[in-house]
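The topological domain 'Cytoplasmic' annotation in Swiss-Prot covers 1-32, 78-98, 142-152, 215-238, 289-303, 364-418, 470-483, 542-592, 639-765. Per Swiss-Prot, transmembrane segment is recorded for 57-77, 121-141, 153-173, 194-214, 239-259, 268-288, 304-324, 343-363, 419-439, 449-469, 521-541, 593-613 (among others), and the stated evidence type is sequence analysis. The topological domain 'Lumenal' annotation in Swiss-Prot covers 174-193, 260-267, 325-342, 440-448, 505-520, 614-617 and is backed by a curator's inference. The feature region 'Mediates homodimerization with SLC30A6' is assigned by Swiss-Prot to 420-640, with experimental evidence given as support. Among the features that Swiss-Prot reports, region 'Disordered' is placed at 551-581.
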Amino acid sequence: MEEKYGGDVLAGPGGGGGLGPVDVPSARLTKYIVLLCFTKFLKAVGLFESYDLLKAVHIVQFIFILKLGTAFFMVLFQKPFSSGKTITKHQWIKIFKHAVAGCIISLLWFFGLTLCGPLRTLLLFEHSDIVVISLLSVLFTSSGGGPAKTRGAAFFIIAVICLLLFDNDDLMAKMAEHPEGHHDSALTHMLYTAIAFLGVADHKGGVLLLVLALCCKVGFHTASRKLSVDVGGAKRLQALSHLVSVLLLCPWVIVLSVTTESKVESWFSLIMPFATVIFFVMILDFYVDSICSVKMEVSKCARYGSFPIFISALLFGNFWTHPITDQLRAMNKAAHQESTEHVLSGGVVVSAIFFILSANILSSPSKRGQKGTLIGYSPEGTPLYNFMGDAFQHSSQSIPRFIKESLKQILEESDSRQIFYFLCLNLLFTFVELFYGVLTNSLGLISDGFHMLFDCSALVMGLFAALMSRWKATRIFSYGYGRIEILSGFINGLFLIVIAFFVFMESVARLIDPPELDTHMLTPVSVGGLIVNLIGICAFSHAHSHAHGASQGSCHSSDHSHSHHMHGHSDHGHGHSHGSAGGGMNANMRGVFLHVLADTLGSIGVIVSTVLIEQFGWFIADPLCSLFIAILIFLSVVPLIKDACQVLLLRLPPEYEKELHIALEKIQKIEGLISYRDPHFWRHSASIVAGTIHIQVTSDVLEQRIVQQVTGILKDAGVNNLTIQVEKEAYFQHMSGLSTGFHDVLAMTKQMESMKYCKDGTYIM
């Protein structure tokens, strides 16, 4: 029986079956993983050599030689004409289309290589199909695979943005005009013109071009699967496709050879470099990927293949010596390039890290709903499981749908709606300022635009805090997300303190040596900023005044209470009161208001200092106004920081101290109540004041009556989320059985005798 049913009984062709993939022991996979990593290392070597070759060889000639060498090898070993079924005319047409598409993708790939260099090309283009498909699934479908896949997609997008915005690739930036060698054919001239039309630098256009080529490659591979099955396998299809590509490119190469001057003095000297590129990039990588895809899962193959090629790219980007370039330079016919071209930068390193993280996450199989905890059984005997992470899984959705739902929630509530409208107005003014600054080459406008962009980040944080505060409570966050507004206000306050500190230090430095200022564009910019900020002041002023006045108002809530009788040695009751208060400190709105107020003061200070400088030449007015503004910002934000810290540290709300003192005195006088202990009261959010208390009652009293009276007294004092524990004599007897004396327990609970009161009603334990 063991021999009959042992082995891969569940495995189908290729190691998989209808019942799911069978895990291969890791020891058997080690050799394939090592082979895959070594192959990716060699492919990185081939791409770096390809970049050097493309400096001397026309891109069409380069692709033709690669296709020719690959076709020769694959036709020789695969024998596509003598093995397998006969190719029909309809299939030959499809193979022709396949070859055309392959040539176009190769053209985009290698032209992107000439623009970005091999390091950035490897980071952008060498992603597995499963990674790109997972990325597109997250972005454009509602079943993207959960929060992990969404996080991986975000990492991928951040990596591309790092290459676009934070990569100081100086080679192309230094070239005001392209060398004539780049325009030696209509094809390259057309591609450069298309990139110039986008209005971006060449290496940034190369990044966009490689992203486009990557998407085309994935679509090309997906569309080729059915054709590979029809013609007898992927290897046979590749052999025929490369052969057709050679025939397609041959006339073009002949025309180029006749009409253009070759930069290569001796083609014989390039045989070994081309052979290396053909074998490492085209042949070895294809065959090893095919073998590893069969022996391992596709996701594992993608995950184990991405890390070594990205690390190899970083290493070669720093240590590659361009041997072929030196050889061509010795011939005195290749264009001289600096050895520092396409070097490593901080943006590239950060981008590589994010690419590695995204490839690892996006290539991992989705594990939604695979692990759960047994929590009990149904009345019918069915086991019930609680699946970990379900609090987060249900909210996973596509990004467009998430944005749509978020906008809907933002516009439903007054606070978030006001922040959103002011954020849009602020962003509009910011981009107008940046656009006009670039148009007029005004550094002052550009710097002020980026300053306002920084202020917008505070508005975005306040907006998301207002949105998250309305999220429903989950199993993990059982109290909900109401306190996120307090945290947002605290962080905004810290930002303002940092801003005030740096403005203060810069103002002191300028007081000693006042610089001369160009006030040409300061007045219109400051007036425009003042108008925008005054609109924000009017919109958010209610939050500031409400935070100081409305918290004294009474609380209105609907409550419910219940008692729970414990069995055995104790008899407990628990009462709960839940409701929503009528007002409180909204630290989030106060933080947003103070940010707008700081910008308003800044605009006023700039206007005043500009007038004094233009009319009287008082350059010292600028640092004096800035110093005054920094002090005002600091003084206005200190109360916000203080209040937010008190809430985060669970301090008794100061506005309720006297009411709670009176309420505890009333509780002590309730008939049948002996004493109370452990009274704890704190503000949870702007609308919730929570509390817990233990009360000791006589054995003959009705617990629910006591709970109702205590709940009513504390609700009138402002506590709208209350938990009461009722303790009877049986509880103390139970504690006595646990080696604690009855009189000791009773003395422990009578805290009223040891409680000290201040004259203002504040009590101290």
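Quick reminder: no glycine exception, Cβ is built from N, Cα and C everywhere.
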Touch test for the transmembrane segment (239-259) and the transmembrane segment (268-288), at least 3 Cβ pairs under 8 Å: no
Dominant neighbour of the transmembrane segment (304-324) in 268-288, 343-363, 419-439, 521-541, by Cβ pairs under 8 Å: 343-363
Long-range environment of the topological domain 'Cytoplasmic' (215-238) - Cβ separation under 8 angstroms, sequence gap at least 6: 70, 74, 78, 80, 83-85, 87, 91, 94-95, 98, 101-102, 104-105, 108-109, 125, 129, 132-133, 136, 286, 290
Helix-strand-coil residue split for the topological domain 'Lumenal' (260-267), DSSP-based: 1 helix, 0 strand, 7 coil
Contact set, same chain, for the transmembrane segment (521-541): CB under 8 Å, 6 or more residues outside the stretch: 418, 421-422, 425-426, 429, 433, 440, 442, 444-445, 448, 452, 589, 592-593, 596-597, 599-600, 602-604, 606-607, 610
Residue numbers, six or more beyond the limits of the topological domain 'Cytoplasmic' (78-98), whose CB comes under 8 Å of its CB atoms: 224, 227, 230-233, 235-237, 239-241, 243-244
Predicted model, mean pLDDT over the region 'Mediates homodimerization with SLC30A6' (420-640): 71
Secondary structure composition of the topological domain 'Cytoplasmic' (78-98) [DSSP: H/G/I, E/B, coil]: 11 helix, 0 strand, 10 coil
Remote residues contacting the topological domain 'Cytoplasmic' (289-303) - C-beta distance under 8 A, at least 6 residues beyond either end: 14-15, 21, 24, 29, 32-33, 35-36, 39, 128-131, 234-235, 359-360, 363-365
